[in-house]
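Data block below; observations after.
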Amino acid sequence: MVNLGTAVRSLLVHLIGLLVWQFDISISPVAAIVTDTFNSSDGGRLFQFPDGVQNWPALSIVVIIIMTIGGNILVIMAVSMEKKLHNATNYFLMSLAIADMLVGLLVMPLSLLAILYDYVWPLPRYLCPVWISLDVLFSTASIMHLCAISLDRYVAIRNPIEHSRFNSRTKAIMKIAIVWAISIGVSVPIPVIGLRDESKVFVNNTTCVLNDPNFVLIGSFVAFFIPLTIMVITYFLTIYVLRRQTLMLLRGHTEEELRNISLNFLKCCCKKGDEEENAPNPNPDQKPRRKKKEKRPRGTMQAINNEKKASKVLGIVFFVFLIMWCPFFITNILSVLCGKACNQKLMEKLLNVFVWIGYVCSGINPLVYTLFNKIYRRAFSKYLRCDYKPDKKPPVRQIPRVAATALSGRELNVNIYRHTNERVVRKANDTEPGIEMQVENLELPVNPSNVVSERISSV
């Protein structure tokens with residue numbers, strides 16, 4: 001525990017030192033406190049940043065990179081290996097995890113390298129526009145995935161029958177391909193522009209950063225603000241529809257009036273509702289109000305609650321993304337609009353900090369899934385123990401299934417023997433001919449509700 005506390009304290013000191021060095025605030029009282037923290041016991045300084053020396057405290061960011069890569073690999077494994085996560089929404093989340101993992105593999109290390117060399121690009125110059133293009137590609141892919149998830153869930157809840165005709169694994173892959181195609185279309189012009197004119201991707205001929213005001217404005221709106229607006233609107237519409245469906249159920253509406261509910265639970269509830277409606281009433285004196293309540297499908301409310309829980313998890317993901325990336329894009333727009341009226345050095349330093357806050361968002365999503373979803377949490381725990389075997393199937397029990405070889409008479413009153421291979425012959429009534437019934441074995445799970453739960457969103 002002492003070692004852990006020391007490590008955390010050392011990491012915080014490293015990060016504070018990086019911010020102090022980045023913003024050059026050594027004169028302020030806060031910086032004085034930090035300076036004392038960085039002083040060693042013998043009066044020497046723990047970290048110094050003279051000209052030409054790398055910013056070694058920035059290496060603490062390696063922890064963020066490792067967490068980003070490892071967490072998103074766990075998400076990809078969970079969606080690939082857990083059958084309960086095989087639905088359209090989780091396919092989108094797996095594709096989002098791929099984009100976030102590539103941020104940790106290809107974008108964040110080079111950004112860390114730039115920090116170590118005081119934002120002087122140390123690699124071949126032709127790699128600068130390629131790196132910027134990858135940064136824009138994966139950032140755009142993240143917001144586009146969240147926008148597509150929001151749209152897909154709203155359509156599924158608002159028009160379930162129409163959505164079911166186009167909801168399959170192949171269709172989900174096609175939608176994901178469209179998301180990536182849009183992201184590639186936004187990022188491809190950057191290397192073309194940068195290779196033709198290096199001034200578009202270099203500031204002061206040393207710092208690798210996108211330096212085309214027109215592209216910054218257009219790209220920010222196309223890749224962030226427009227998808228963000230669509231995402232927020234559709235998310236609140238989804239919450240509105242779910243609340244309306246809940247109120248309809250609480251007021252006693254039948255399932256015929258709930259045609260807008262999600263198809264995930266529409267299939268499993270309609271059959272049950274029909275059986276209850278056609279079944280004879282054992283108590284003729286039962287009040288109509290009570291009969292109407294029994295007619296209501298029992299699983300519908302639970303399914304709506306599951307949809308609400310899934311929407312809450314996605315809402316947290318949306319909110320985290322909004323909080324993490326809005327400062328960068330707003331500052332990016334302001335730096336272009338205000339031009340020389342703004343303090344450009346301050347803007348550059350703010351952008352350098354805000355872009356890393358956005359990068360951290362790529363590593364937070366797996367934590368959100370772990371905290372709010374039992375399936376992801378159980379899967380992550382298994383994989384961290386190097387247990388990659390699928391879960392065992394639930395135990396089964398045998399129940400008799402009646403297969404009629406001949407039917408006659410209006411009503412059937414057949415007593416089924418427990419033994420499986422017996423032939424049971426009973427008469428429907430005294431005036432009707434005999435009816436031969438055959439009893440067969442049928443295996444079902446002990447808990448049939450598991451079959452229903454697999455059709456419900458597992459986000």
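Just so you know, glycine gets a Cβ as well, placed from its N, Cα and C.
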Selected from Cys208, Cys268: Swiss-Prot disulphide partner of Cys128: Cys208
Would you say whether Swiss-Prot puts Asp212 on the same side of the membrane as Arg385? no
State the residue range annotated as motif 'NPxxY motif' by Swiss-Prot; the candidates are 120-124, 190-194, 365-369, 375-379. 365-369
From Asn204, Asn260, the annotation N-linked glycosylation site in Swiss-Prot is attached to Asn204
Go through Thr140, Asn205, our recorded positions, and report the one whose Cβ sees the most other Cβ atoms within 10 Å. Thr140
By a simple count, how many Cβ atoms lie within 10 Å of the Cβ of Cys338 (disulfide bond), its own Cβ left out? 12
Can you tell me the CA-to-CA distance separating Leu210 (ergotamine binding site) and Asn204 (N-linked glycosylation site), as a whole number of Å? 12
Within-chain partners of the transmembrane segment (88-112) [C-beta distance under 8 Å, separation at least 6 from its ends]: 58-59, 61-62, 64-66, 68-69, 72-73, 75-76, 79-80, 123, 131, 134-135, 138-139, 141-142, 145-146, 148-149, 152-153, 156, 167, 169, 171-173, 175-176, 179-180, 310, 314, 355-356, 359, 362-363, 365-366, 369, 457-459
Of the listed stretches 130-152, 169-190, 313-337, 349-371, which one has the most C-beta pairs under 8 A with the transmembrane segment (215-237)? 130-152
